[in-house]
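According to TrEMBL, the protein has these features:
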type: TRANSMEM; residues: A:25-50; note: transmembrane segment
type: TRANSMEM; residues: A:62-80; note: transmembrane segment
type: TRANSMEM; residues: A:89-107; note: transmembrane segment
type: TRANSMEM; residues: A:113-135; note: transmembrane segment
Amino acid sequence: MTTTGNTSSPASGTATRLRRRWPIWLFRITITAAAILAFNQAVFAGQFLSGTYPALRLHRDMANYTVAAIAASIITAILWRRAGAGPRWPLPAAVALFALTALQTFLGYRLVLAVHIPLGVTVILLLVALTAAAWRPTR
Amino acid sequence: MSPINRRTALGIAGAAITAAAGIGIPFVSGLTGARSTGKLLPSRTPIPPAFRRRLTIPPVLRPSRSDTTTDYYDITQTVARAGILPGPATELWTYNGSFPGPTIRSTRGRTVKVRYTNNLPVPTVVHLHGGRTPPDSDGYPIDYVYPTDMSYYALHHNPQQMTSDHGRMTMTGGDTREGRRTHVFPLDQRAATLWYHDHRMDFTGPSVWRGLAGFHLHHDAEEASLRLPDGDLDLPLMITDRSLDSDGSLLYPSLDPTLVNRPGVRGDHVAGVLGDVMLVNGTPWPVMTARRGTYRLRFLNACNARRLSLRLDPPPPNGIAQIGTDAGLLAEPVRHDHLELAPAQRLDVLIDFSGYAPGTRITLVNDFDTTAMGQVMRFVVDDGRPEPFKIPSRLSTTPPLRPEDAVVTRKFDFRAGDVDDHDGWLVSHAPFSPDTIAARVRLGTTEIWQLNADFHHPVHLHLSPFQVIARGSEGPGPYDAGWKDTIDLRPGEQAKILIHFDGYPGKYVFHCHNLEHEDMAMMANFIAT
Ligand code: HEM
Ligand SMILES: [Cu+2]
């Protein structure tokens with residue numbers, strides 16, 4: 001799987017670049033999972049703020065899975081770009097989100113809620129936008 | 001549509017369904033929220049039948065002696081066995097052998113001195129909840145009274161285990177005593193339903209669970225002038241939920257069952273321990289015969305974590321008139337159709353049973369639960385007719401505190417957090433340490449404290465009662481009237497209380513009265529000068 005966008009034939013242009021389909025699917029799966037997990041953080045926050053203690057545990061455990069899903073998206077973004085001749089944006093976007101979510105987790109543990117909550121909303125928005133972009137039909 | 005686009009479209013549909021399920025299932029399954037922050041601990045024995053046994057009223061303690069200013073009492077903390085289940089007896093930790101402990105009745109103007117003797121296997125600390133008490137008698141959490149017989153403690157005590165982690169448990173004790181200690185209660189305060197209970201640092205939950213709690217009913221001239229129902233018409237009702245093991249003993253999810261070294265409870269019980277047997281004055285779901293007259297019922301929620309919403313079914317034709325709360329009588333009666341009560345709170349109410357026909361069975365229900373715990377006790381009306389009582393329209397004069405008089409506003413955050421690398425509870429990001437002072441207050445001044453909560457946190461202040469002035473953007477709630485010593489903070493809530501500091505200089509604690517939260521460090525100090 002070392003064929004990448006860079007090595008595709010310069011003569012025939014993008015239309016004939018070797019475009020494998022499976023990497024985009026991997027990216028779609030991981031980024032969608034990350035978006036769902038992140039959105040559920042708001043669901044669980046709502047629940048523990050209604051007095052359901054196990055939802056706090058879920059919120060904390062799901063923080064790890066959210067970060068993990070974004071880490072996986074970094075890998076699938078690389079694969080999409082390299083093996084699937086995908087666009088450039090997914091990789092920096094996934095890396096930025098990874099950093100934001102790691103920060104979000106840290107702020108959660110430190111109970112810096114004045115930042116944690118707006119940043120949480122931002123992370124969710126960005127992940128949804130990224131997911132929507134990933135699902136845009138590719139020609 | 002090209003095959004690729006069809007595949008993409010199918011993929012989008014699939015993703016949408018996954019997302020809907022992935023979000024919808026957790027969303028819907030958690031919609032109800034919780035009435036109490038805590039986890040049910042199921043009994044390992046069939047729960048006893050409801051409404052079979054009679055309600056008992058704890059014995060009133062007689063002074064050992066009295067002089068012109070003071071009444072002297074003796075209370076021994078001792079292991080006792082009680083018949084809670086139809087089957088085997090239940091071993092309890094008690095004050096003078098009874099659960100609840102004996103009731104102390106005091107009158108303003110006379111000092112009470114209680115000599116406590118600790119015949120239990122572990123150290124104890126007694127706190128008079130709601131008492132305006134000098135610091136050396138207030139039961140500071142490390143002012144241990146060591147057992148008269150140290151053999152059990154010496155056998156199990158393991159200093160290594162205690163000094164683990166981050167040193168929070170290195171405390172060897174404050175102002176300690178061997179075997180006994182005399183508490184001096186000046187009780188220069190308004191008539192009120194007080195209670196006393198164990199307050200040992202890190203182990204209050206299991207100690208109270210095992211039975212270390214009793215009433216202290218304080219009286220004054222203002223209350224006496226109202227001629228409220230008294231004698232057998234004045235009923236202190238201590239409501240506690242407990243769970244029982246198959247051998248009849250009390251079940252509690254302690255990490256260290258010796259209750260000597262490591263504090264804390266297993267797993268999600270750190271949220272609070274909820275029992276599945278409802279006791280009123282130590283008897284499961286008791287029955288009481290009520291005469292057709294007006295009773296004064298003093299409800300105390302002495303559960304570790306359970307909140308209660310009490311209602312009479314069928315409802316009393318003349319309603320429920322609340323006349324008092326934690327720190328004494330209200331200015332005027334407040335009508336309710338039900339009563340919400342967080343752990344440690346008291347509501348003092350008058351209920352007129354004369355509107356019920358003789359023979360009526362009235363169930364005291366708890367609308368915060370749907371299982372057997374949705375019931376509390378039963379009254380059966382007979383045809384006795386005590387003298388009718390007319391509820392006065394004015395009860396007491398309590399100068400209202402004014403927010404303008406507050407000299408400072410402080411903010412405290414009650415939230416989940418790590419304590420010694422375990423799940424615990426924090427006050428403004430800090431676990432309890434006897435050496436950390438969260439507030440320095442001046443006696444004679446008034447302060448506003450803004451309290452924020454993530455879960456249910458019944459926050460209790462020692463020494464000085466307070467008035468609730470706001471919940472969120474609203475005013476006080478229906479059960480916030482009068483002077484409180486414990487506020488029922490609900491999840492995500494932000495409340496403001498107005499405290500008039502008054503009494504004695506020294507170091508006192510304020511803490512969450514969900515006892516599992518308290519034991520897992522949700523406590524802080526203030527120093528009054
Ligand atoms: C990507 C999203 C998120 C991550 C990774 C995350 C992570 C965390 C973590 C690790 C904690 C600490 C839990 C603990 O102390 O046990 C926390 C706490 C918290 N989070 Fe989040 N969170 C996210 C989104 C959100 C959102 C969207 C909200 C609200 C709308 C929220 C509200 C809270 C609150 C209120 C707390 C404090 C818990 C308490 O007071 O006990 N979080 N979060
Ligand atoms: Cu609490």
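The backbone N, Cα and C atoms fix where each Cβ goes, and this holds for glycine too.
Note that TrEMBL annotation is computational and uncurated.
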Taking residues 6+ outside the transmembrane segment (A:62-80), which of them lie with a CB under 8 Å of any CB in it?
-> 23-24, 26-27, 29-31, 33-34, 37-38, 40-41, 44, 86-87, 90-91, 93-95, 97-98, 101-102, 104-105, 108, 127
Determine which residues of the chain contact the transmembrane segment (A:25-50) at the Cβ level, with the cut-off under 8 Å and only residues 6 or more beyond its ends counted.
-> 56, 58-59, 62-63, 65-66, 69-70, 72-73, 75-77, 79-80, 86, 90, 94, 97, 101, 117, 120-121, 123-124, 127-128, 130-131, 134-135
Remote residues contacting the transmembrane segment (A:113-135) - C-beta distance under 8 A, at least 6 residues beyond either end | 24, 27-28, 31-32, 34-35, 38-39, 41-42, 45, 70, 89-90, 93-94, 96-97, 100-101, 103-104, 107
Same-chain residues at least 6 beyond the ends of the transmembrane segment (A:89-107) with CB under 8 Å of its CB atoms are 27, 31, 34, 38, 63-64, 66-67, 70-71, 73-74, 77-78, 80-81, 113, 115-116, 119-120, 122-123, 126-127, 130, 133-134
